[in-house]
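Have a look at the structure below before the remarks.
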């Protein structure tokens with residue numbers, strides 16, 4: 001390859017002899033104290049409370065309490081997931097830019113979007129686990145379904161705003177890989193605590209339903225109370241995050257300086273369009289999507305599997321997920337230890353795949369007594385490892401190019417939410433009819449197959465993606481061709497960047 005061809009692979013910003021970059025002006029690795037990492041970790045607690053209710057109980061609530069047809073319950077889940085899928089990359093782009101009024105600059109662009117999302121979730125979520133206030137006994141089921149659509153859409157936009165802004169803070173608060181892994185572990189630890197809180201409350205509430213061993217319309221008040229408690233607790237904990245977390249000042253300006261010292265990018269700045277030119281972006285997006293598909297499908301259909309396939313009483317739809325999340329919490333705490341967090345994420349992810357595949361194989365069997373608890377523990381271990389490592393791998397992909405980090409997380413979440421929504425709808429369309437008074441054998445077989453083959457297929461595909469990543473270092477990227485949008489974005493930033501590095 002001659003010199004001209006080599007230069008064609010790199011976006012030229014300015015001749016090296018025109019710019020002198022003093023070593024002291026290249027931003028060194030930065031980190032935050034452990035207490036502030038804990039404060040960061042609680043920032044997604046409110047979202048996790050709502051997500052636990054949404055993924056674990058929305059489908060069974062719609063089908064068994066509100067008596068919606070399976071296809072219509074799946075339609076509501078699809079609406080939510082598509083809204084979330086569209087919202088996440090948009091919020092990512094908005095969070096990476098400066099579209100909010102100047103008054104939000106004091107608290108930072110990430111925390112500003114976090115606050116906006118928290119407000120929207122607080123307004124909409126209590127209406128989802130509730131009844132249609134305008135509906136009467138003769139109201140058609142479709143009108144009842146449509147009543148929930150706007151609340152679900154507002155909730156999902158708010159939820160996406162919190163999720164993306166919170167994830168985008170990780171590479172901005174710290175540039176140390178092990179520290180980022182610790183923050184991901186703490187974040188997941190509080191996710192587990194949030195889920196345990198929901199399961200504990202529902203175990204108590206559902207146990208109060210005397211004379212009804214199955215979930216039905218008589219449990220409306222129990223789910224409504226659980227939703228209200230989730231909102232009250234979530235708002236309270238969010239004040240801890242807002243009070244102790246400080247978004248780094250001038251982070252957008254400093255992120256451009258980071259790009260000079262980044263070992264991942266040949267660009268001065270990674271515009272959001274730059275990511276489309278890197279194969280690892282697609283590989284890791286697929287890996288994250290498959291990880292979330294395994295986690296969410298297992299979570300959504302576990303209550304159906306418990307009550308219909310294994311024939312346990314309804315309080316076990318809270319007890320067994322609680323056991324699963326206790327196992328997840330233990331794994332997340334182990335992973336936050338410095339020695340463990342420094343291990344290869346690819347090796348850790350492989351352990352998660354092995355635990356998940358073993359759990360899927362176990363679900364082919366009847367599991368009386370202690371065996372069902374062993375299954376719950378295996379699922380919890382797999383979910384914790386896969387989620388923590390996939391998020392850490394995504395942070396490694398971003399490396400020091402935090403100026404477009406929110407878009408990366410938004411894009412990952414887009415594929416995740418869209419694929420989940422489609423999967424839920426397809427499963428619901430194929431769901432056989434079920435009578436709560438006379439459990440049908442077809443339902444038992446159906447939910448066994450769903451829990452075994454759908455998550456199992458996701459794990460096998462994730463293993464293939466991981467093998468394709470094995471020979472390469474996460475975060476290394478080389479441009480194959482120039483992108484005019486990227487060049488222009490870099491040129492537009494030069495006036496801001498060069499005074500800083502030549503001062």
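Residue positions begin at 1 at the first shown residue.
Backbone N, Cα and C atoms are what each Cβ position is placed from, and that goes for glycine too.
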Among 316-341, 394-419, 420-445, TrEMBL marks as transmembrane the stretch 316-341
TrEMBL record, transmembrane segment, of the ranges 347-365, 480-498 the matching one is 347-365
The transmembrane segment (188-206) vs the transmembrane segment (145-168): 3 or more CB pairs under 8 Å
no
For the transmembrane segment (226-244), the distant same-chain contacts (Cβ-Cβ under 8 Å, at least six residues beyond its ends) come to 35-36, 39-40, 42-43, 45-47, 49-50, 52-53, 111, 114-115, 118, 121-122, 125-126, 128-130, 197-198, 201-202, 205
Contact between the transmembrane segment (347-365) and the transmembrane segment (450-472) (at least 3 Cβ pairs under 8 Å, separation 6+)
yes
